[in-house]
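Taken from TrEMBL as is:
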DOMAIN    B:15-74  domain 'ATPase F1/V1/A1 complex alpha/beta subunit N-terminal'
DOMAIN    B:133-349  domain 'ATPase F1/V1/A1 complex alpha/beta subunit nucleotide-binding'
DOMAIN    B:355-450  domain 'ATP synthase A/B type C-terminal'
C-alpha cells in the first residue's frame with residue numbers, strides 16, 4: 001500500500017534525496033569510469049596479444065620459409081655434389097678400363113714372353129716348384145697347388161696396381 | 001703372407017664365419033679378401049687361428065657363397081685404410097667404402113685402423129676450447145681440444161640430435177677444424193637425419209661421415225670407430241687440423257663387440273660383455289689428445305645410451321673410468337620440453353679449467369660457471385624442501401632460487417636445434433639468469449664483475 005508523506009516532511013527530506021541521488025550518480029559515474037578503464041585495459045591487452053600473435057605468426061612463417069629455403073638449398077647442393085662425385089667415379093672407372101686394356105695389350109708385344117717368364121718365376125717363388133702353372137685367358141699365368149692359388153693374369157696385375165693408387169688419381173678431376 | 005696367394009681350402013661356412021684349413025703364417029685380426037667364382041669380393045677379419053685352421057668373420061655375411069668355389073686371400077696385416085684430406089666431404093659406410101656415389105677414397109698413405117698407442121711422455125695436456133655453440137655445454141662443461149667427453153643418454157632422448165648439432169656447429173676459434181662423425185648401429189631414419197643435419201659441414205669439406213646402420217654386419221661396427229679415429233689422427237697430427245670425433249652410439253659398438261666375442265668363444269664377463277671391454281674402450285678413447293711436436297688435436301665425443309637409464313651398466317660405467325667427465329641428459333628436463341636436456345648438476349668436464357677462463361674463453365667464465373652450479377645445487381635443495389612444506393612456506397630468497405632454476409632452464413639451457421650460440425651470448429644469458437638472485441647470494445662472483453653489472457645498492 002502506497003502512502004504519501006505530508007508536504008512538510010517531503011520538503012524536509014529533499015536534501016537527503018538530493019544527497020542520495022548525487023551519491024548514486026557519483027557511484028554510477030565511478031562505475032562507468034572503471035568500466036571504461038577496464039574496457040580500455042582489456043582492449044589494450046587484446047591489441048597487445050593480437051600484436052604478439054601476429055609477431056609470433058610472422059616469426060613462425062619466416063622460420064618456416066627459412067626452413068623450406070634451407071631444405072631446397074640442401075637438396076640442390078646435395079644433387080650438385082652427387083653429380084660431381086658420380087663424374088669423378090666415372091673418371092676413375094674410365095682410368096681403370098684404360099689401364100687394364102693397356103696392360104692386357106702387352107700380350108701382343110714382343111716383350112711378352114719375358115713378362116710371362118717373370119710371372120711364372122714369381123708364381124714358383126710364391127707356391128713352390130711343384131705348383132701347376134697354366135696360362136691365363138687374357139695373358140699372364142695362373143698357378144695352383146692343392147690348397148692355394150695365385151692369379152698372375154695381366155688383368156689381375158693391373159687391378160692390383162690400381163688398388164694401390166694414391167692421391168695422384170685425384171689429378172684427373174682436380175683443376 | 002702375400003695377398004696374391006689365395007687359399008682354396010675353405011672348409012665350411014657357418015653363419016658369418018668361414019673356416020679355412022691349411023693356412024700358414026696367419027695372425028689374429030688379419031684382413032682377408034674373399035673372391036667367389038661368381039665374381040664380386042667380400043671381406044673378413046681373422047677371429048681365431050689354431051694350428052693351420054683360421055676362423056674368419058665375413059663382413060658382408062656368407063649368404064650365397066659356396067665354400068668349394070671360394071678363394072680367401074690373407075693380406076698379412078690388420079685392416080689398413082688410406083688416410084689423408086681425400087676423406088673430407090665424403091660419406092662412407094662403416095668400413096670406409098663410399099656411400100656417396102663417388103670413387104674410392106684415395107689417401108697419401110695407408111694406416112692400420114687398430115692405430116698405434118701414443119707415447120704417454122709425448123702427450124701434451126689438453127688446452128684451448130672447442131666451442132660447440134650449445135650453451136649448456138660451452139658454459140658449464142666446456143669441451144677442451146684433446147679431451148674425451150662422453151654424452152650419457154637413454155633411449156628416447158635427443159642425443160643423436162645433440163651429437164649432430166655439436167658436429168654441425170663446433171669451431172676451434174678460427175683454426176682449421178673438421179669433424180669425423182661415426183654413426184654406429186643407427187636406423188636408416190637416423191642415418192638420413194645425420195646426413196641432412198651435417199650437409200652444410202660436409203659441403204664445406206669439413207666433415208667425414210661414416211655410417212654404419214643397424215642392419216650392417218656387426219664386425220663392421222667394431223671397425224667403424226677405429227677407421228674414424230685413424231682418419232682423424234692423420235687429419236690432426238699430419239694435416240694440422242683440430243678434429244672432433246663424434247661416435248654415436250657406443251652402446252651399439254659394445255654390443256657388436258659382445259657378439260664378436262661370443263663368436264670367438266671367449267668367456268663372457270659382466271652382462272656377457274667380454275672381459276676386455278674396459279681395455280677395448282680405452283684403446284679407442286685414448287687415441288684422442290695432442291702430441292708434442294705435432295700440430296692439431298683429436299677430441300673425442302662418444303655418445304652412449306644407458307640401457308634402462310642405468311648409469312652402472314658396464315658401458316657407461318667403464319667409459320666413465322676412462323673419459324674426462326660426462327654430459328648427462330635428463331628425462332625430466334626432456335619431459336619439460338627443454339632442449340638439449342642437459343642435467344647440469346650431473347655433468348662435468350674435468351678438463352674445463354684447462355680450456356676456459358682468462359686468455360682462453362672469457363675472464364669471468366669459470367666464476368660464472370661455478371656460481372651457476374652452486375646456485376643450481378641450492379635450487380635443487382629448495383625444490384625438495386618445497387615439495388615437503390609447500391612453496392608458500394619458503395623464504396623470499398628460497399623462492400628466488402626456484403625462479404633462478406626456471407630461468408636457467410628457459411633462458412640458458414633451452415635453445416633451438418639449429419641455433420649456434422656464441423660464447424659471448426651464452427655467458428650474457430648466464431649473467432641474466434644469475435642476476436635473478438639477490439646480490440648477497442652471488443658470493444662466488446668477484447665483486448668487480450658484480451659491480452660492473454649491478455648498481456652498488458641494488459640486487
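The backbone N, Cα and C atoms fix where each Cβ goes, glycine too.
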Its residues classified by DSSP, the domain 'ATPase F1/V1/A1 complex alpha/beta subunit N-terminal' (B:15-74) shows 3 helix, 31 strand, 26 coil
Grouping DSSP H, G, I as helix and E, B as strand, the residues of the domain 'ATP synthase A/B type C-terminal' (B:355-450) number 66 helix, 0 strand, 30 coil
On average, residues of the domain 'ATPase F1/V1/A1 complex alpha/beta subunit nucleotide-binding' (B:133-349) score a pLDDT of 94
